[in-house]
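Student: According to Swiss-Prot:
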BINDING   H58  O2 binding site
BINDING   H87  heme b binding site
DOMAIN    1-141  domain 'Globin'
MOD_RES   S3  phosphoserine
MOD_RES   K7  N6-succinyllysine
MOD_RES   K11  N6-succinyllysine
MOD_RES   K16  N6-acetyllysine
MOD_RES   K16  N6-succinyllysine
MOD_RES   S35  phosphoserine
MOD_RES   K40  N6-succinyllysine
MOD_RES   S49  phosphoserine
MOD_RES   S102  phosphoserine
MOD_RES   T108  phosphothreonine
MOD_RES   T134  phosphothreonine
MOD_RES   T137  phosphothreonine
Amino acid sequence: VLSPADKSNVKAAWGKVGGHAGDYGAEALERMFLSFPTTKTYFPHFDLSHGSAQVKGHGKKVADALTVAVAHVDDMPNALSALSDLHAHKLRVDPVNFKLLSHCLLVTLAAHLPADFTPAVHASLDKFLASVSTVLTSKYR
């Protein structure tokens, strides 16, 4: 459960991401594909090369979903319901992949926002991404 301090940290950190959200989302995906090659199996139709339009497009989708989650941090299950349905019933993404992408997002944010990525902010973002992952996998049952 996210504390009020966690919510404040997440909103502040995501606010600093600003217009770079799509780029950071794409970078996190690239990190995931390089670090965890098995994740590529969910994207057989994508050009997974560095800077590809498809990876950039999906990175923007990831970032947009996180922006929605930040804006609706107190009601993520409703805000992300359609996305949860998509990943559970149509895409059938193995839930472990959300943890892998979350890790890559944390690394990307730490690399781009080093002065803002304090231990407290890191912990809050980690809890937030775990909450998003839980919501996205909630309909697998």
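Indices start at 1 and increase along the chain as displayed.
Here the Cβ of each residue, glycine as well, is placed from N, Cα and C on the backbone.
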Student: Checking the modified residues K7, K11, K16, T108, which are within 10 Å of T137 (phosphothreonine) at the Cα level?
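Tutor: If one measures from the Cα of T137 (phosphothreonine), no modified residues come within 10 Å, so the answer is none.
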Student: Would you list the DSSP helix, strand and coil counts for the residues of the domain 'Globin' (1-141)?
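Tutor: Taking each residue of the domain 'Globin' (1-141) in turn, the totals are 111 helix, 0 strand, 30 coil.
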Student: How far is it from K16 (N6-acetyllysine) to H58 (O2 binding site), counting Cα to Cα, in Å?
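Tutor: Approximately 21 Å lies between the Cα of K16 (N6-acetyllysine) and that of H58 (O2 binding site).
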Student: In angstrom units, rounded to an integer, how far apart are the Cα atoms of S102 (phosphoserine) and T108 (phosphothreonine)?
Tutor: 10
Student: Neighbour count, 10 Å Cβ-Cβ cut-off, for S102 (phosphoserine): what number do you get?
Tutor: 19
